[in-house]
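Undergrad: The following block contains the structure, expressed as structure tokens.
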Amino acid sequence: MPSASCDTLLDDIEDIVSQEDSKPQDRHFVRKDVVPKVRRRNTQKYLQEEENSPPSDSTIPGIQKIWIRTWGCSHNNSDGEYMAGQLAAYGYKITENASDADLWLLNSCTVKNPAEDHFRNSIKKAQEENKKIVLAGCVPQAQPRQDYLKGLSIIGVQQIDRVVEVVEETIKGHSVRLLGQKKDNGRRLGGARLDLPKIRKNPLIEIISINTGCLNACTYCKTKHARGNLASYPIDELVDRAKQSFQEGVCEIWLTSEDTGAYGRDIGTNLPTLLWKLVEVIPEGAMLRLGMTNPPYILEHLEEMAKILNHPRVYAFLHIPVQSASDSVLMEMKREYCVADFKRVVDFLKEKVPGITIATDIICGFPGETDQDFQETVKLVEEYKFPSLFINQFYPRPGTPAAKMEQVPAQVKKQRTKDLSRVFHSYSPYDHKIGERQQVLVTEESFDSKFYVAHNQFYEQVLVPKNPAFMGKMVEVDIYESGKHFMKGQPVSDAKVYTPSISKPLAKGEVSGLTKDFRNGLGNQLSSGSHTSAASQCDSASSRMVLPMPRLHQDCALRMSVGLALLGLLFAFFVKVYN
């Protein structure tokens, strides 16, 4: 996957409600009409006023349907899964039907202009259809003051554990913004807790963000404005998340971040140390895939990384963006490495990890790129014949240094993108593998629904027949055909389908991270189509699990206090009346 999405605006941080207003969940319980009326009133006049008053627009949050759309990288997708899980755990129904939804949660990507254009168009469409809207992701985090975001609720990339509160207030008609950073004693944290409820898009694949932000300051990157500087999760929290995932039937874990290679530098550890700890808890038959890493940081750990990538439960795959094969262009990008560094990493890993798949990214038409610069990039692709290559035409992102540089003409950028794409499609990376027998892990269905999609040890895509017995299993296949991006494999007739030593996966759309009792109750509730109020859900849920709302138990205690206070008032009132 390309690293497609990856700042703080202190004066835009707003609390969900003001101090004078009651907390969102309190409003379900503190109702003005339960306060005793001591003074007599003219009943006829009162009824007439009631008849002439405008109709009530009262809305009880926690029973609406929500449609979630996510653009961008695997980190963004993980955030979207977490938000879906929390909303479902609270009682909202997550729907795949946008027109049927009461609220749209749009989780954006700021890497390229087209992604933001799609995001903006979706906002416009939601407004035309009178949908409630909550915005998330890197676009509103990086530029919350854009005109087309005015009046809309925003949840920041580090505040996704409060999505229920933001949605709740938005449904009530309020516009709220939460853009703060998670900190502990002044130290920036990786983000929301990893043990929050989640709905995995694919129940077999767990995406774990090991850190957020990065250590670089690339001149073209808008993601830095949203995700900020490096902040890593502790190793024990990541290992616990992996263990929980395997207990829920996951058979493949993706480690993601804006730069996995920089992991741990802010907390006194490093990527190899984390990977060795994770390898210890991966069940046989399950696999680990490492996400994008920039050349400067992996250079320090080449020996250890080679050993890890040779491990049978780790895909021999690494995504290392080069962006350009011209040192002068890399300098203008502030990439903090030269082409020789990139080649050293790739050459070393190819030697020490036979068959490894190296994926890379290239930007065509960066400001100042000459024809000679571009030809150097073409030569690099011709030399290494990358089986996975993400070619991106340069788009100047607002507020970045590169946007202020002298731009390459649009037509030149387009032509260079086409030329490099032609080079990429001139070779066939998998033809020589026809006839091989491979072990593949089956994890999903193809887009055309004709095959199941599996991956071999090198994370190369292998299409296999749609046999339900294969899903989530290790299957032995003979490769009989290849294309530009895939191979096709025929299962060996006498080979045993290997079942990983893990639990049965959750059903599609099922919430992870919940206790068994709570999950069963939630499933019964959603399947019957009946929804209790947010208040009753809080009462039932709090006895079984800790929901991802920091005020939950405080609210329950507050409700009890309010109830007792009201009883006291009623008692005092009747004592006074009858005395």
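Every residue, even glycine, has its Cβ placed from backbone N, Cα and C.
Annotations for this protein, taken from Swiss-Prot, read as follows:
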MOD_RES   Ser53  phosphoserine
DOMAIN    64-172  domain 'MTTase N-terminal'
BINDING   Cys73, Cys109, Cys138  [4Fe-4S] cluster 1 binding site
MOD_RES   Ser122  phosphoserine
DOMAIN    200-431  domain 'Radical SAM core'
BINDING   Cys214, Cys218, Cys221  [4Fe-4S] cluster 2 binding site
DOMAIN    431-493  domain 'TRAM'
MOD_RES   Thr499  phosphothreonine
TRANSMEM  556-578  transmembrane segment
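Map these features onto the structure and tell me what's around them.
TA: Residue density at Cys138 ([4Fe-4S] cluster 1 binding site): 32 other Cβ atoms are found within 10 A of its Cβ, drawing on all protein chains shown.
Around the Cβ of Ser122 (phosphoserine), the number of neighbouring Cβ atoms within 10 Å comes to 19.
Thr499 (phosphothreonine) falls outside any helix or strand according to DSSP and counts as coil.
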Undergrad: Including all protein chains shown, what's the count of other C-beta atoms within 10 A of the C-beta of Cys73 ([4Fe-4S] cluster 1 binding site)?
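TA: Step by step: centre on the Cβ of Cys73 ([4Fe-4S] cluster 1 binding site), count other Cβ atoms within 10 Å, giving 26.
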Undergrad: Please work out which residue of Cys109, Cys218 has the most C-beta neighbours within 10 angstroms of its C-beta, and give that one of the binding-site residues.
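TA: Going through Cys109, Cys218 one by one, the largest Cβ count within 10 Å is at Cys109.
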Undergrad: Hey, what's the Cβ neighbour count for Thr499 (phosphothreonine) at 10 Å?
TA: 13
